[in-house]
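Once you've had a glance at the structure underneath, I'll fire off some questions.
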Amino acid sequence: RENFIHLCNPHLEKMKEDILYHFALGTGTHDFPALFGDVKFVCVGGSPSRMKAFIAYIAEELGLGGPDCDYPNICVGTDRYAMYKVGPVLSVSHGMGIPSISIMLHELIKLLHHAKCSNITIIRIGTSGGIGLEPGSVVITRQSVDATFKPQFEQVILGKTVIRSTNLDEELAKELMQCSQEISQFNTVIGNTMCTLDFYEGQGRLDGAICLYSEEEKLQYLKEAYDSGVRNIEMESSVFAAMCSLSGVKAAVVCVTLLNRLEGDQISSSHDVLVEYQQRPQKLVGYFIKKSLGKV
């Protein structure tokens with residue numbers, strides 16, 4: 001059954017042209033169905049270089065490119081986001097934090113709608129701080145929760161507070177967990193992900209420019225988070241889950257943990273170790289895509 005993108009905006013039907021400003025793309029200047037109509041998998045992550053590395057990795061895994069292939073940035077007309085494509089896979093950077101990823105998602109969802117894409121799976125791959133997990137562990141998000149451990153995304157629209165659900169696709173999470181068990185290369189868990197509004201005080205760090213709480217208060221808070229089911233902390237999953245759910249898109253969040261926040265705040269692993277950690281979500285999602293396409 002064809003499952004197309006659902007746009008929650010009746011005003012778009014009245015527009016003669018839709019300019020996706022932050023992508024430097026538009027329906028009046030680009031043939032979206034020709035460019036993107038075959039897309040089935042979209043992977044998003046914070047860093048442009050990481051998303052370029054992912055498209056090169058998945059191209060080799062799918063037999064669609066080699067080590068010497070170049071993958072041009074589709075959004076070369078802007079420095080806001082980067083976008084790469086190979087076969088049915090689109091790889092897009094989203095920057096850091098809720099505002100940045102929400103802008104990207106508005107335009108990405110419209111792009112997929114204008115391209116008449118169907119049966120889309122969107123997966124955020126990234127890094128996070130772990131709670132009670134060994135560094136390098138991968139967390140598949142069950143629910144994104146806010147800093148009070150509630151599974152919701154709160155936004156002020158026209159002066160009114162709007163609360164949206166942050167549930168993610170349960171079956172997709174189970175499929176990804178099964179894939180991790182099949183490749184059996186690193187520890188993977190399904191757990192809740194806490195999405196915060198900043199990297200320092202919002203995550204209870206002691207090493208920011210401002211910190212007006214004690215180490216004991218920090219540890220108590222993180223232990224409360226762990227007891228509520230939280231296994232990692234990042235800054236994008238809540239709005240990602242809310243927007244994908246409203247648009248009728250299967251979505252998942254797969255993040256590697258760079259440290260255990262119960263043991264410290266600063267990321268001290270070597271560059272080579274961190275690079276290997278960051279490849280783990282790519283390997284898991286890459287295997288999932290191969291398996292979905294019958295190439296395993």
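Backbone N, Cα and C atoms are what each Cβ position is placed from, and that goes for glycine too.
Feature table excerpt (TrEMBL):
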BINDING   R80, R124, I125, G126, T127  phosphate binding site
BINDING   Q203, R205  substrate binding site
DOMAIN    40-289  domain 'Nucleoside phosphorylase'
May I ask which residues of the same chain, at least 6 positions away in sequence, place their Cβ under 8 angstroms from the Cβ of R205 (substrate binding site)?
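The answer is F199, C211, K218, D265.
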Can you give the largest Cα to Cα distance in Å, as a whole number, for the residues R80, R124, I125, G126, T127 that bind phosphate in the record?
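Farthest Cα pair among residues binding phosphate: 20 Å.
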What does the structure give for the C-alpha distance between G126 (phosphate binding site) and Q203 (substrate binding site)? Integer Å is fine.
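G126 (phosphate binding site) and Q203 (substrate binding site) have their Cα atoms 17 Å apart.
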Name the residues of the same chain, 6+ apart in sequence, whose Cβ is under 8 Å from the Cβ of R124 (phosphate binding site)?
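In sequence order, C43, V44, G45, H94, E236, S237, F240, A251, A252, V253, V254, C255 meet the Cβ cut-off.
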Relative to the Cβ of Q203 (substrate binding site), which residues of the same chain, six or more apart in sequence, are found under 8 Å away?
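Q203 (substrate binding site) has long-range Cβ partners G129, T196, I233, R261.
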Near the Cβ of I125 (phosphate binding site), how many other Cβ atoms are there if near means within 10 Å?
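Looking across every protein chain shown, the total is 27.
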When a 10 Å sphere is centred on the Cβ of G126 (phosphate binding site), how many other Cβ atoms does it contain?
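G126 (phosphate binding site): 23 neighbouring Cβ atoms within 10 Å.
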Give the sequence-ordered list of residues that share a chain with R80 (phosphate binding site), lie 6 or more positions from it, and have CB atoms under 8 Å from its CB.
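Result: H22, F23, G95, I103.
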